Structure formats: C-alpha cells, structure tokens
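Marked as region 'Disordered' by TrEMBL: 1-58, 156-203. Annotation source TrEMBL lists compositional bias 'Polar residues' at 44-58, 156-172, 184-198. Taken from TrEMBL, the feature domain 'GDP/GTP exchange factor Sec2 N-terminal' applies to 65-149. Summarising the annotation, TrEMBL assigns coiled coil to 67-151.
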Amino acid sequence: SQVSFEEESQNPPAVGHWKPLMPSKGDKEEPESGCQDAGGVHEPQSTEQLNVSRLRSSSVEIREKGSEFLRDELHKAQKELKLKDKECERLSKVREQLEQELEELTASLFEEAHKMVREANTKQAAAEKQLREARGKIDMLQAEVTALKTLVITSTPSSPNRELHPQLQSPSKAGFRKGHGRNKSTSSAMVSAASQNVAPEPTSRECKEVDSILFAEFQAWKESPTLDKSCSFLDRIYREDVGPCLDFTKQELSELVRVAVEQNTLTIEPVASQTVPVGKVAAEECGGPKKCALSGLPRTCKHRIMLGDSGNYYYISPSCRARITAVCNFFTYIRYIQQGLVRQDVELMYWEVMRLRREMSLAKLGFYPSEM
C-alpha cells in the first residue's frame, strides 16, 4: 500500500481532467484504470468528480441563462432601434414638410413683395403725373394771380379802376353831388383837387431816381421779408408814413385803428348800402353820418369801420377813409411780397412801395379822390 501511495503521488490525479458535456464523436473516453487501480482512493475521487460535474452543470446553466439574458437584451435593443428608426422617419417627414412650407412661404412672400413694389411704382408714376399736372396748374394760377395783382394794384380802394368797377361810376358821382350840392364853389374846388390827385395822362414823362439808402434798406428787407417793424425798412416807413397817416385827433381810437390795420382785422363798410341786422341794433356806433369819429369834426360820413369782431362801428369822413385805405394798401402789398405772391424785379417792387408811400403822404396832407 505504501508503494501504491507513492506511485499515486507521482502520477497526476484524474481530477484535473475536464470533459465536455457533449463529447464529440472523435473524442474517446479515457479509461478509468487509475481510479480502479487505486482501490482505497475510489470514493474520494468519485466525490470530487461529482463536485466537478456539479460545477460543470452550474456553469452550463449560467451560460444558458447568460445567453438567454443577452438574447432578451438584444431583442429589447432591436425593438428600441426600430422605434428610433420610426421616430427618425417621422421627424424626417416633419422636416421635409416644414422645408416645403418654408419654401412656399418664401415664394409667397417674394411674390407679395414684388406685387407691392409694382403697386408702389404704379402709384409713384401716378403721383408724379399728378405732380406735373399740379405744377402746370400752379404755374397757370400764378400767371392769373400775377395778372390779378396787376389789376389790384391799379385798382385800390383809394383809387379804384372804373373799368374794373363800373358800378362805382354813377353811384359815386350821384353821392358826391348829393353830399356837396349846396355849395358849388366848394364842390368845384374839391373836384379840381381830386383831379390833381387822379393825375390824368401826363404830357411829359415822369423822371425817377432811386435813393441808394432807401433801396439798400428795401433790398435787405426783401432777402428775409417780415412784418416786424424793428427792421430799418419798416421802421423808417412807420416813422415817416404810417405813424403820421394814422395819427388822428382821437388818440385812443387811432391806436386801435393802427393795431387793426397791422393785424388785417379792420373792416370798412359804406353806410348807405349797409343794413344793420336785428342782432346788431344795440351795437355801439361812434360818431354819426354828420360827425367823424376819428377827427371829431362835423363831416359827411359815407363809410364806417369796425375793429375786429367787436361789433362797434365808427363813422369816418372821406379824408380819414383815404388815410386808412392808403395804409391798408401798403400793408397788403408788403404781405404779398412776404408770401411770395409778387414775382417782379426788385426795382419794380421798390418803386411800387414808393408809390404807396406817396399815397400815404398825400392822404396825410389831405389829398384824396373825389370817390371817397
């Protein structure tokens, strides 16, 4: 037995050999001669083989369960991949749909923009055409205004043009004869004075010479026309013409008349043709048909004035009316210049201003047309 033990210790044990579960046909089972020869060691070896078989079965079971788990995981991953593929396909369709809608929207926007541009061009062409037509009408109206201004300049309240106002001929003459029919010498004297003021066709040509100082002041004012009397041009005219011409005996009323003339709110009405409405019967009427409200002298008053919308009427004599209308004519003309309605040479405008200043000077001295 001792010898067999030594032999067994020298030979490797049979436990170290692994056998596959399903041996192939080519494999041969090893003889268990060693185990049979070992008499007393048979039972421990069988126990070890049983343990090995158990280990082998457990490892096989583990392998099967692992492979089954992996197959399940693979199926899950495949399902998820299919879902992801479907989601990607759906998102691709959504993207294609959005791209198509974006292209359609861009195309519609470009089409709308082109349409708006075409409409704008059409409207611009129509507006330019209307502008050209309006400019033509403006030029025509300016020519008409120029012609009318020429007529207005030649026909003022102080010296009306009988050809433009034929209704003034018979009534004015009749009123003049009626108002001064008692004193023939006085009427003849006034007619002669009026005829001198009207100045029929002169036999010799009038000589004129431009004053350099006055012309320089007018040119400076013409560069930037204003109604502010602080400028040298209007300051001189106020001192030399407007102030003296509107300086009447009644100082307070004279100041109100001057302000109304400057603000273009003064109204002159003929007394004979004026019918006072019922609502204005109680309005204050200073002076009277036989007394001038500005001079305070007994004069035949054929006109009356109203300052603004006050409703108060003031009777004025022909001389006072001539002085007021002369100043009104001057302010009307310089307002035309300020508004750009007068398109003449500077020298012609200057001489027209000098003519209006001469009318104010003559009116201040007491010369006025018989029609007043």
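Note that Cβ sites are derived from N, Cα and C of the backbone, with glycine treated the same way.
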Query raised in the report: Over the domain 'GDP/GTP exchange factor Sec2 N-terminal' (65-149), what does the predicted model average in pLDDT?
Result: 88
Query raised in the report: Counting by DSSP, what is the helix, strand and coil composition of the domain 'GDP/GTP exchange factor Sec2 N-terminal' (65-149)?
Result: 85 helix, 0 strand, 0 coil
